[in-house]
């Protein structure tokens, strides 16, 4: 009599158990046609997949970005000027920090 190792039986057993669990959860509920309960709600509302993140959104085609005042026209010169301003500001901050550090070191 040959013994089957337990490590070969367990994966097959788990596969069978989980396949039966998934089948039982996928079965549809049979309901009374006169009952307008919550089980039939999905069929009345239609497909609700990926609707929540679209609520309250407008189409981008409806928005004219060029006419909106809140969007400044961005070109290379404007972006370069902004980056130079940010760089100067960062250099000023670092310079102030170093000056404070040197003052504290001398005291």
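Keep in mind that glycine also has a Cβ here, set from the backbone N, Cα and C atoms.
Swiss-Prot records pyrrolidone carboxylic acid for one of 36, 42, 61, namely 42. When 27, 55 are compared in Swiss-Prot, the methionine amide annotation sits on 55.
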